[in-house]
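**Q** In case it's useful when we look at the structure, here is the feature table from Swiss-Prot:
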- D37, I38, D56, K58, E112, D135: GTP binding site (BINDING)
Amino acid sequence: MYMLNESTKEILKKPFGKVYKELPPINRKVNIIAVGDITTKNLLSKSIIPNLSIIDLKTKRNIPVKINHKFKTVFEVNNPQGCISDEAEETIKYISSLDMVDTALIVKDGEEDLLTMMVIRYFPKDTIVLYGQPDEGVVLLTINQDLKHKINNILSMMDKI
């Protein structure tokens, strides 16, 4: 399990990509991963069905979010706040090896925020990842080798228990 520490908390406050106030146009010909309930809900409202949605059914840690969508495949994991559990990492790694569409990974205990790093680590280059930047908008990034390298550096700085 990876755990945040003071140095990685500071690094992770900055978005990994450009922050948009509104959902930007998205290339639908590549894998699309949504991390966060509001991001997922916004994509679905525009009839964009992500290959994978990572959600915990709440926003800002405790406000419930209802997503009116029946995902084709659902996985559930525990992922404590401020951590990346081994269970969550292995599940994302497994999902990345499949050719899945309309899949949900529901974090039933904890939060999903840090799982963006596992998506970047395990999904192929050119995958589009969207995640919410609280009170700012949505971050859109495209996985590339530089981003994978940056994420691996951050993960190496986190506490491993």
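Backbone N, Cα and C define each Cβ position, glycine as well.
It should be emphasised that the depicted structure is a prediction, and the values quoted were computed from it without experimental measurement.
Quick one: where do these features end up spatially?
**A** In the three-state DSSP assignment, the secondary structure recorded for D56 (GTP binding site) is coil. Long-range Cβ contacts of D56 (GTP binding site) within its own chain (separation 6+, distance under 8 Å): D37, I106, V107, K108, G110, E111, E112.
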**Q** Just counting, how many other CB atoms are there within 10 A of the CB of D135 (GTP binding site)?
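**A** D135 (GTP binding site) is surrounded by 6 other Cβ atoms within 10 Å.
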